[in-house]
There are 2 protein chains.
Amino acid sequence: MVRINDNYLKLKAGYLFPEIARRVNSFAQANPDAPIIKLGIGDVTEPLPEACRSAMIQAVEDMGDRDRFKGYGPEQGYGWLREKIAAHDFQGRGCDVDASEIFISDGSKCDNGNILDILGADNTIAVTDPVYPVYVDTNVMAGHTGEADDSGKYGGLVYLPMSAANDFVAPLPDRPVDLIYLCFPNNPTGAVASRETLQTWVDYARAHGSLILFDAAYESYITDPAIPHSIYEVEGARECAIEFRSFSKNAGFTGTRCALTVVPKSLRGTTSDGTLTDLWSLWNRRQSTKFNGVSYIIQRGAEAVYSEAGQDQIQTLIAFYLENARIIREKLQSVGITVYGGVNAPYVWVQTPGGLSSWDFFDQLLHTCHVVGTPGSGFGSAGEGYFRISAFNSRANVEEAMARITAKFA
Amino acid sequence: MVRINDNYLKLKAGYLFPEIARRVNSFAQANPDAPIIKLGIGDVTEPLPEACRSAMIQAVEDMGDRDRFKGYGPEQGYGWLREKIAAHDFQGRGCDVDASEIFISDGSKCDNGNILDILGADNTIAVTDPVYPVYVDTNVMAGHTGEADDSGKYGGLVYLPMSAANDFVAPLPDRPVDLIYLCFPNNPTGAVASRETLQTWVDYARAHGSLILFDAAYESYITDPAIPHSIYEVEGARECAIEFRSFSKNAGFTGTRCALTVVPKSLRGTTSDGTLTDLWSLWNRRQSTKFNGVSYIIQRGAEAVYSEAGQDQIQTLIAFYLENARIIREKLQSVGITVYGGVNAPYVWVQTPGGLSSWDFFDQLLHTCHVVGTPGSGFGSAGEGYFRISAFNSRANVEEAMARITAKFA
């Protein structure tokens, strides 16, 4: 009889966000008039930039003209988009990244999971704690972990705690690891990595032959000019790092879907007999075989991000969400709540008041303020006692949510 | 040091289509004035239906309005699209398929590969020969096969030959198999499966606890009313089959990207300790964790396929390509070339004249007629001596290609 992948049964009851949705729906059904404000999922709320919309309408019109119609595109993405990304996002910041090393995809979450396809089953894997759950869950599903313990930690993974106690700087692993997930600006804590911190990681990875999976989905929120946007701004990263980026959070593409992954041609891994093999060829083969490229229409929308108008419009969007983050930080601080992040990131990482557990604070905010956030413990046991508030919402909703919370905690 | 997935190194030199592209590019560079006509890759050429374009333009405009803006959608696809598919493509043909069993994706190729994520590593797998290479290659990449032999057959797979000798009806496996890939109308042979043939497979699968992966990407080309469009038209298929469908070939979405996979809630597989587990929940978890849904804009385009105008327009498109197929068949037959398929499918499966090998015929057509097709042996060793010609091109190109071929073989 057909056998299933048993590893799926190791997954804990629910991916974090479905569990939040379940509690919110349950509350909303019992309290249909409660004006719930959602600052939970990191989903954008403001309209798509006009430059992107115009480009997509033009692209739809291309599809109606036989001479301009596009069938299957390159699985790696169109050259005109890859070239603009390479020039603007990487070469413009001094990074040695070629357009051929950029793979366009329909989402960073997808690529974060799919990248495991080309890696072996016996790598030792390090993740920060708290951590974006997809890094962990996709490794569980791929059979790279043991069972979860009572705290939700999976056997075999190396967890690197990040909390106020270490200024949200993850320590180097206490044993050699092969694969390291880093996300900066960090989801969920909103922490950033200095150039020195990133250099430490790159040096570690090169010394140990490790591969860093660097998630830079939030790089556009960096306001401090001293903070690198790309890991390739750091010496040696081309030898040890893959970088994931997205148009979701800078251009509001969460429902439009476009992202990219950088796989330098200089990256190497080993086969089980120790032969060095380049990772770019494996990823190129993976994408050619299991992916058919992103819609031409959507790629034209992403390209418009790099026009002058597009750049102006996304800067306005980012500034808008960062101002929301400032309001959240300052309002919470005004009633004595300790907060982190929210300066170079769209997430404010709140220390729960009164020593409440993360889920108790979640329930309290939902039931008394009708505000939804994300329990820190949902991101890992070191997130217990913290709570993530997202800056992605309208100004009016952010102000109203903060008014309710400050009224309660004043 | 980081280890790679060694299974990738078992893959033969190139996925078929890149190898074709290499030979065509090489010829084109040496003969820049040769007017090459491509009837190789099954890629559509005609403009996207007006109904789909109008709906996508409206959707782009929605994205510019804060109240109509869409962020993250359901990973499974929007209910309004799933409902229309369930009603029109399945319930309308007497199939018991619920909207909740339909998962919208960005491509059948992706889903065909990704489905292996939820299945175990020790299933015995049957494929037809010839076969769409993605079924085989994704199993190689997932470590479900041994090495390839000289004929290109991978150890561990059960190959079911389909040729003129058995009227392109694949025999049942000679040993029990757990997973069976079927594609009807067939790519590459253009053969169809009668209701009786499908019933035989469903009965086999139910008797052996096997899972059928049924690729119906070309169902809209079925003209014979006696041929089922969906495997769920056959009694018992809900207990043993997953079906893949696409908007690529009916509505011309190869560059627009939208597809769907049906995973009935009644499907079961076993864990390694023999516990029955439902597959729908595993696929739902896989999609929620490793996918973020298809662009809202594209889903609105797919929805328009089900409008009255959309249905008219796709019927016109399908009739156009089927008329191309008729011309190809009849012109080749007029010079004594034996052909199969091309009646209920957009592919004509040509027996190479004079006993030429598939690749020799490919090179001959390219060099003397400047026409590109696909060597049958690229789909498997039982495809040797055959050649696939696609009906996806303009009428003028099809007529010109056939004029050149008939002139050569007259």
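Using the three backbone atoms N, Cα and C, a Cβ is placed for every residue, glycine included.
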Binding-site annotation, TrEMBL, pyridoxal 5'-phosphate: partner of A:Y72, A:S108, A:K109, A:Y132, A:N187, A:S246, A:F247, A:S248, A:R257, A:N292 in A:Y218, A:Y321, A:Y340: A:Y218
Candidates A:Y72, A:S248, A:K249, namely the recorded positions, that fall within 10 Å of A:K109 (substrate binding site) by Cα distance: none
Chain B contacts among the recorded positions A:K109, A:N187, A:K249 (Cβ under 8 Å): A:K109
Segment confidence, the domain 'Aminotransferase class I/classII large' (A:35-405), expressed as mean pLDDT: 97
Candidate recorded positions A:Y72, A:S246, A:S248, A:K249, pick with smallest Cα gap to A:N292 (substrate binding site): A:Y72
Same-chain residues at least 6 apart in sequence whose Cβ lies under 8 Å from A:Y72 (pyridoxal 5'-phosphate binding site): A:N292, A:G293
Three-class DSSP secondary structure - A:R388 (substrate binding site): strand
Whole-number Å value for how far A:G42 (substrate binding site) lies from A:S248 (pyridoxal 5'-phosphate binding site) (Cα to Cα): 10
